[in-house]
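Worksheet for the structure shown next.
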Amino acid sequence: MTPILDPLTLPLTGSHLIEASAGTGKTYTIALLYLRLILGHRDQYAFSGGALTPPQILVVTFTEAATKELRDRIRARLSEAARHFRDQVTGDPDPVLNQIRNEYAAPEWPACAHALEIAAEWMDEAAVSTIHAWCNRMLREHAFDSLSLFNQNLVTNQGDLLKEVVQDYWREFYYPLSTEHYVMASKHWASPQELLKIVRNLIGFVDQLPEVGEFSTYIHQFNKEKQAQLAIMKQGWDVWPDELQSLFEQARLSKQCKANLIQERWYSAWLHSLKAWASSTSDHLELNASAWHRLTPQGIREAWIGEPPDHPAFTAFAALKAAQDALPDPTPGLLSHAAKWISLRFQQIQGRRSELGFDDLIARLDEALHGPNAERLAKLVRSQFPVALIDEFQDTDPMQFRIFDRIYQTAQQRRDCALVLIGDPKQAIYAFRGADIYTYLTARSAVGTHLYTLGTNYRSTQAMVSASNQLFSLAESLPSSKGTFLFRTPEQNPVPFQAVQAHGRKDTFEVEGQPPKALQLLYCPTSTKAYSKEAYQIEIAQLCAAQIVHWLQLGQAGRAGFRVSSGDLIALTPADITVLVNDRHEAGQVRSALQRLGVRSVYLSDRDSVFDSPAAAEILSWLEACAHPENTRLIRSALASPSLHLSYQVLDALNTNEQLLEERILQFKHYHSVWQQSGVLPMLRRLMNDFECSAYLLEQRHDAEHGSERTLTDLLHIAELLQQASVHLEGERALIRYLTEQCAAPDGSNEEQRLRLESDAHLLKVITIHKSKGLEFPLVFAPYLSLCKPVKIDNKSYRLVKWHNDAGELQVSMQLDEEIQARAEVDRLGEDIRKTYVAMTRAQHFTWVALGDVSKCHPNALDHLVGAQISGDNVSYADSITRLASNAPDIGVYTHDPATDQTSSMAAYRSNDAIPDVTGARVVQRRINEQWWISSYSSLRYAESKPDAMSPVNDTPQLDNLLEMASEATTSPSMAPATSSAFHRFPKGAEAGTFLHSLLEWAAHVGFSTATSDATGLQAAIERHSPVLHWLSWRDTLQRWIHAILLTPLPCSTKGISSVRLCDLQVYQAEMEFWFEVNSVDLPELDRLVMQYSLPHRPRAALESRQINGMLKGFIDLVFEHEGRYYVADYKSNWLGVDEQAYSESALGDAILAHRYELQYVIYLFALHRHLKARLKDYDYDQHIGGAVYLFLRGVASSSHGVHFERPPLALMHAMDTLFCKEEQHAAS
């Protein structure tokens, strides 16, 4: 028996190991030892160097969260002790702190209190950190002695560098291979990404992988040996298929064989495959199971009537499959070569870049402590930190322990320092992260007799502790067993199960007035064969959910809850219940079952990456569509994503309604613009807001795994990560490639990628067992402890298998034999038992566990703990659970009877707080400022720019044009009348209009006169700007058209006396942007003014009745000066008809009014009027404003030249000045 620790008498010198079972106060003990070190408590047990300060006491743990908790708990303990020394305690005093205080004379109390207060205030600078952070600090502070560089970059995520190195490897070794060798070498990984997935796990073990020599030599030699063996295998098979064909045909004709077993359509195909294989260089023979049996001597005997034929092919065929399986496999050697080369190149690049990863920090310090300056460095660190407290020591690895052992010399029990290791080997469940329980056992042996345990559980009730003791003691007591945790030998048991005492709790869990059995085991027998894993998961999830809902309903009725010391019953709620699972798939099964019965839940994991969620695939489709808004296939794919919740009818309409499709193209072009200008996060937020994703997802209650808060949390999480990544990536494609790579190889070990908690509400929690370690919950349900993944001999999967030899040294293998498989299986089962211990010790009051006979899941931890008898792949629980129930009064064993199961008819749970109480809402007493937003002509026209709507805002000239043309239906060339001229047959719609605008914008940029004569440049512009490939067939027409536009006379007065051509302009500004303030302007009043002064007495559609407030903005296609007057011009690509008659002056006026373009040019002229008024010293409207020129591009060949001209009177400008400034004037008065 390991002695119980007395933390007040533990000598604070030398090396000690404290085994702290679950719930026994490990953190409390660390804080108490820290307090003693600060005080120099008890001379005979105190640290030999006297009282210490926080910077001298090293406290190491393994996560940032644990570091923060330790720091806070120690600070609180120091402050509490200081109050005890000052007699300032409120409430019941801590008896341990009182005992410490009473060991000092009263006159010493103020000095002790002062020392404790100073230490508490000093905790921000205390040496409490993760092991990685501490190693980094040591390398920096002792750079000379550790032979480290002063300036090294700590890279938190080295995944990108590793991908780069793997790609280098592929280029270096795979590209030069011949086709035959390439096919052979890349058989199991077709790309660098697939190779990376496998090699990633090998890099840490390259020293144990075999040497294969030079790559090309290995490939050539292997292929040579393989072809030699294949030649032997294929001997005879070049002629035997024909002979067998004749044999079978003759046998069928003479009825020497059973016709149902020897059918021509079968054996012809088999023999054809054999002949093709024999004549090829391939090693793969594709045959079905029937062929592999029928063509053997046994199969022929079954199918033959009378004496079967004695053909050598049948005997050879019987040995063929085994010979195929025995062919040499290059994969282990190829992986070994890749891992070694990649590891070396990775380190070389790191060195050139002066970069370090987290694991490198530990490796570098370990190297330094075993290098030329090792003694000096160890002494320096030891003097800097004479005492070290190592928390969670069971999660350490050999290199980490080697560092502390080198500094504090564990086995020597030095008097000038102290090393206190605190952990619980029963909770060593992080082997997948590199933790090694055998390292713990090495340290346990090194401390000798300085070994202690914490013997009292402060977490759980008496019954819960007793039930746990009863369950885990059973395997420990069986003589034939290797102990509960499989470490017992005839000589010793380094990981024993030692029962703990219970401190107990003041509250009690009750159901129907009685406490249930603290540990309930639900046994699910099967009538015939074992459960399949999938069937078991579904059925147990339903049973688990049913039990939870039954108790929650009792809680609502006041019949289930927690009886507190006052006698009151606090009703059971979902927040009191936690379900422990192994992975996200199991969590999904449980959450779905709970959801069907009305119980909401949240999921927590420390291994799942957000990039492995369905939300990542959705965002990837959104990014693709936003990056290529002209690609309708990508847009349709994005719109079909579940979170955008568009109906099938809406999606189908995109296939038939061109206008709807154009609107969606316009929408995604807007997102593209937001992405370019503001970044990916604002773009994704805008998209999600437009489609009301948040509201939709929060309303979902039918899909626990993919709906509701989980998906919304993942979407926002990924959006944040993409924004961070975009800082270091160039362009949209780089970001899409980054997301694609992350989805292909998600990294759950990266803390930034781990799934976040989706809700802060008081919901039922579904947590992985690994995530639950260190936590406690009132009630725990563990439905899947019967499931496991036994180690099987499968030398075709090339999965790295870890195991330990007799010396406890970690070994790795890619190919297993029976001995290695047996050792690896012992390690696997041991870790599963420890994981079960963690699950069983989380509950304060109650634990529910299911067990059953599940195929391919034996032996599992529950088999071992209850002493079940395993035969083959089946297990019998009957005797073992009966024995357990009879000897364990706090364990209840129940058998599920499907005949009486009422799970399917159970009523759903209805939460009392499902509908929040909204009565008594506060009344707003102050005036709320008017809403402010940005408007444009397009928003006025379509009435979309409301302050509570995130409709597209014309952030660019191109988008301005798209918004304007959004209502015009798209027409392909084939749909236009064949009799119309080329200008009228050109496709219409928003995309075509933007294309024509871009060509005229190019002409303005190079100069209209230059563009007129530069046919080559114009042709290049057409090819560069064309959004649709087949539009290039219009190249000649477009050149003639743009040339005609540039030569079209533009009237400069209402009488048309003066005119100017675009090619003649010298002073102009293309795409001029304007902004001006609007203060609560009534749109009907603005509309009345425009109707009064612009094209008066002609009917037109009215603007909607509302106000605009904020800013009015826009882009003017062209502002030019001619003969001292300034004009605004706008290009219109509207299709008005099939010929030139459709573009008469009256038709143009009708089009102007139909689209309310007169409102547009009035706003443009008003903006120009204000601009010139501020810029020209002697500005006069009548003298300087020429008017508005609107050029309908398809009508340049008509009698009107497609030009509409108007110059509104000065009175309109005055009226608009008054309208737009009235709020300012009102405020000023």
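Backbone N, Cα and C atoms are what each Cβ position is placed from, and that goes for glycine too.
Because the structure is a prediction, the values reported are computed rather than measured.
Marked as region 'DNA-binding and helicase activity, interacts with RecC' by TrEMBL: 1-878.
Summarising the annotation, TrEMBL assigns domain 'UvrD-like helicase ATP-binding' to 1-461.
Under the heading ATP binding site, TrEMBL lists A20, S21, A22, G23, T24, G25, K26, T27. All chains included, 24 other C-beta atoms sit within 10 angstroms of the C-beta of T24 (ATP binding site).
The domain 'UvrD-like helicase C-terminal' feature in TrEMBL is assigned to 498-774.
A mean pLDDT of 82 is what the model gives for the region 'Nuclease activity, interacts with RecD and RecA' (931-1229). Taken from TrEMBL, the feature region 'Nuclease activity, interacts with RecD and RecA' covers 931-1229.
A strand conformation is recorded for D1117 (Mg(2+) binding site) in the three-state DSSP classification. Annotation source TrEMBL lists Mg(2+) binding site at H997, D1117, D1130.
The Cβ of D1130 (Mg(2+) binding site) lies under 8 Å from the Cβ of I1116, D1117, L1118, Y1157, Q1160, Y1161, Y1164, A1188, V1189, Y1190, L1191, each of these being in the same chain and 6 or more residues away along the sequence. Annotated active site, for nuclease activity per TrEMBL: D1130, in sequence order.
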>> I want to check the contact list for G25 (ATP binding site): same chain, sequence separation of six or more, C-beta distance under 8 angstroms. What comes out?
In response: L454, T456, Y458
>> Using the alpha carbons only, what distance in Å do you get between G23 (ATP binding site) and H997 (Mg(2+) binding site) once rounded?
In response: 73
>> Quick check: in three-state DSSP terms, what is T27 (ATP binding site)?
In response: helix
> Counting every protein chain present, what is the number of Cβ atoms, excluding its own, within 10 Å of the Cβ of A22 (ATP binding site)?
Replying inline: 23
>> For the binding-site residues listed here (K26, H997), tell me which residue's CB has the most neighbouring CB atoms inside 10 Å.
In response: H997
> Taking the Cβ of S21 (ATP binding site) as the centre, how many other Cβ atoms fall within a 10 Å radius?
Replying inline: 24
> Cα of T27 (ATP binding site) to Cα of H997 (Mg(2+) binding site): how many Å, rounded?
Replying inline: 71
> What is the interatomic distance between the Cα atoms of A20 (ATP binding site) and H997 (Mg(2+) binding site), given in whole Å?
Replying inline: 75
>> Helix, strand or coil for H997 (Mg(2+) binding site)? Use DSSP.
In response: helix
>> Just to be sure I understand the packing, how many Cβ atoms besides its own are within 10 Å of the Cβ of G23 (ATP binding site)?
In response: 23
